[in-house]
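Right, one structure below, let's go through it.
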Number of protein chains: 2
Amino acid sequence: MTDFNWTRDQFHIPQGMIYLDGNSLGPLPKMAPARVVEMMERQWGEQLITGWNASGWMAQPTRVGDRIARLIGAEPGHVVMGDTLSIKVFQALAAALRLNPNRKVILSDSGNFPSDLYIAEGLIDLLGNGLELRIVAPEDIEDAITEEIAVTLITEVGYTTGRKHDMAKLTARAHKMGVITVWDLAHSAGAVPVDLAGAGADFAVGCTYKYLNGGPGAPAFIYVAPRHAEVAQPALAGWMGHARPFAFEQDYDAGKGIERMRVGTPPVLAMTALEASLDVWDKVDMADIRARSVELCERFIAGVEENCPQLTLCSPRDADVRGSQVSFKFDNGYAVIQALIAEGVIGDFRAPDVMRFGFTPLYTTDKDVDEAIEILTRILRGALWDKPEFLERKAVT
Amino acid sequence: MTDFNWTRDQFHIPQGMIYLDGNSLGPLPKMAPARVVEMMERQWGEQLITGWNASGWMAQPTRVGDRIARLIGAEPGHVVMGDTLSIKVFQALAAALRLNPNRKVILSDSGNFPSDLYIAEGLIDLLGNGLELRIVAPEDIEDAITEEIAVTLITEVGYTTGRKHDMAKLTARAHKMGVITVWDLAHSAGAVPVDLAGAGADFAVGCTYKYLNGGPGAPAFIYVAPRHAEVAQPALAGWMGHARPFAFEQDYDAGKGIERMRVGTPPVLAMTALEASLDVWDKVDMADIRARSVELCERFIAGVEENCPQLTLCSPRDADVRGSQVSFKFDNGYAVIQALIAEGVIGDFRAPDVMRFGFTPLYTTDKDVDEAIEILTRILRGALWDKPEFLERKAVT
């Protein structure tokens with residue numbers, strides 16, 4: 001059983017803050033600064049170039065990848081860290097398309113994070129070979145998976161409403177139709193149990209700065225199913241993905257399995273900060289996280305609906321199809337979010353009218369939820385959000 | 001006049017070590033750990049998501065890019081940080097090819113760093129439209145720049161011998177022939193004066209973990225000439241390169257100028273470490289660096305040639321065509337480098353027989369050079385390198 005009192009104590013939450021934005025940027029693991037300083041001073045400082053082997057920097061991307069693998073139901077040895085999520089989307093999508101060369105449609109949905117769509121557009125534009133990006137409504141995606149589709153590019157949990165797709169079901173349908181799947185786990189990893197191997201997912205990618213608390217700009221991960229690992233082409237064919245990077249050969253020879261998805265020199269500092277968070281994650285059971293997440297989300301929904309009738313729930317009411325966040329629509333949502341932030345309750349806003357709150361059992365308590373509801377209620381009743389200082393602020397993240 | 005006593009004091013060199021490998025991984029700036037901790041604790045820890053604006057994380061890639069711009073002769077506002085060098089090579093090459101769509105040959109040379117060639121191979125393989133990567137000897141590259149060539153992909157200073165191409169001359173020839181140039185500055189930035197604007201370079205890329213001391217896996221940079229900045233397509237079309245990333249629009253609209261070469265969420269921790277080094281670089285004149293670099297290299301060449309007749313200089317003897325490193329060939333070079341490392345002199349080895357030494361005026365002194373020569377001489381005379389402990393070790397980086 002996961003000890004959530006212990007996990008909460010592992011993260012720094014600023015005094016007086018109720019942080020409901022861990023779905024955007026997770027908080028600082030208390031051990032992370034010391035861990036990074038140790039890496040900088042004892043490894044980089046003292047070992048210098050020899051740190052690549054002496055401190056295991058070279059193997060860090062797969063070592064860390066294996067720790068993520070447990071959280072997303074991936075087979076060990078099939079996840080590697082590096083780059084950013086957008087880059088990993090590009091790699092996965094390009095590799096997936098190569099596995100289905102006779103089809104010309106990439107299927108995604110309008111609930112996908114825009115960067116995934118932009119990357120797909122950019123790849124299509126680059127290839128110039130008649131590929132099409134087809135975007136349907138999230139609820140229509142299942143029917144849209146037909147024999148015409150080459151690859152699905154779907155984010156399991158949508159960033160605005162937290163709507164959660166059924167990965168197993170959609171993957172099964174995709175395979176029946178001869179379609180390759182690319183799953184974006186940005187709002188899934190550390191948020192909901194994921195079973196990539198069980199679902200038979202082909203490719204998956206995700207970031208580590210949200211629920212996984214790796215810090216701003218923390219590295220991304222990529223998963224390639226074992227059955228594709230030795231045939232998938234990395235598209236971004238960097239030296240770290242070469243079978244023998246230090247032989248400095250002139251021709252590219254893709255490395256073994258997931259290693260080929262490495263590109264350039266790994267980001268050791270950033271991955272070291274992430275490791276401090278994974279020290280906590282290693283002691284967490286995703287089933288426990290899920291149970292607490294559902295409790296927290298439902299507590300929040302019930303409290304807000306009881307006290308704030310102005311707001312309309314736009315996340316799924318059914319926990320089975322919802323990730324670890326809750327969103328409400330409100331015309332003046334932007335100003336209300338600003339007023340909440342001013343009162344120490346950190347949620348965020350997504351245009352045009354979505355107020356978004358992330359629930360992260362590692363460090364969010366029932367008391368946080370209750371206080372957030374209370375403050376939100378007070379703001380709405382007192383129309384505190386209607387003051388010029390909130391209405392004038394510019395939307396940022 | 002650059003104060004090299006002061007600059008040396010800004011870096012941590014381990015007790016008793018003579019570090020001649022700053023061309024591979026620069027040493028730790030003494031201020032970097034405190035700087036990173038401050039960012040982690042006060043920014044990430046206290047500001048959390050608001051740090052993107054409150055601490056200027058969002059603008060960090062261009063802010064840092066401008067500090068690099070000064071060192072490479074780029075126009076302000078035309079360099080942006082992010083990703084790794086291999087990724088930036090991909091972006092620059094893909095964008096350059098789009099500017100010359102009717103030609104089918106990418107020209108590089110056999111002295112280029114293999115990852116650049118791999119990335120080119122990977123891009124060609126991905127595009128599948130009949131592009132060819134033509135690799136000639138470095139000394140033949142000028143003549144090989146003909147009207148058949150679409151893009152040159154050249155590393156200004158070669159990683160093995162430190163051979164330096166004439167950027168201005170080759171760029172002029174390229175333009176005369178209607179060729180777009182991509183310059184890799186991995187061994188140039190912080191090593192030799194670079195004048196991208198003066199040379200009329202089209203694209204340039206580089207890393208920051210070598211002479212710029214950003215730490216293992218520090219982010220890369222990319223330069224796009226002002227005349228191309230508003231037309232170049234980024235190929236990796238991530239949300240941070242969008243004109244309005246936080247509007248979360250469905251269609252990609254490339255951002256203004258160099259901003260479009262941003263891809264995913266910027267690596268704030270790693271860039272913060274780099275900033276500590278740039279605090280030193282801001283007080284450095286590249287002309288002073290160059291003058292000291294030439295002195296150090298020539299002192300080393302003279303001393304080694306006088307005392308170690310077994311070794312054969314394979315770097316250019318003429319400083320005008322040499323970067324900031326010196327390489328010697330020796331059949332047992334690998335074992336000798338191991339013996340040197342055991343004695344605290346850190347150089348490195350590149351197969352099959354190249355012993356490579358980097359000279360970095362920020363922290364390398366005449367005394368370092370003299371002692372390195374003395375130890376190398378002693379090793380060769382005493383055949384210390386011939387001991388099993390050196391012969392048995394495996395080559396690593």
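Just so you know, glycine gets a Cβ as well, placed from its N, Cα and C.
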Residue in A:Trp44, A:Trp239 which TrEMBL records at the pyridoxal 5'-phosphate site where A:Leu85, A:Ser86, A:Phe113, A:Pro114, A:Ser115, A:Asp116, A:Thr155, A:Asp184, A:His187, A:Tyr209, A:Thr265 also bind: A:Trp239
Cα distance (Å, whole number) from A:His187 (pyridoxal 5'-phosphate binding site) to A:Lys210 (N6-(pyridoxal phosphate)lysine): 7
Cross-chain proximity of recorded positions to B (CB under 8 Å), evaluated over A:Leu85, A:Ser115, A:His187, A:Lys210: A:Leu85, A:Ser115
Where A:Ser115 (pyridoxal 5'-phosphate binding site) sits in the secondary structure, as DSSP reduces it to three classes: helix
Pairwise Cα distance maximum in Å, pyridoxal 5'-phosphate-binding residues per record: A:Leu85, A:Ser86, A:Phe113, A:Pro114, A:Ser115, A:Asp116, A:Thr155, A:Asp184, A:His187, A:Tyr209, A:Trp239, A:Thr265: 30
Lowest local Cβ density among A:Phe113, A:Trp239, which the record lists as binding-site residues, within 10 Å: A:Phe113
Under 8 Å by Cβ from A:Leu85 (pyridoxal 5'-phosphate binding site), same chain, sequence gap 6 or more: A:Ser115, A:Asp184, A:Ala186, A:Val205, A:Gly206, A:Cys207, A:Ala220
A:Ser115 (pyridoxal 5'-phosphate binding site), number of other Cβ atoms within 10 Å: 27
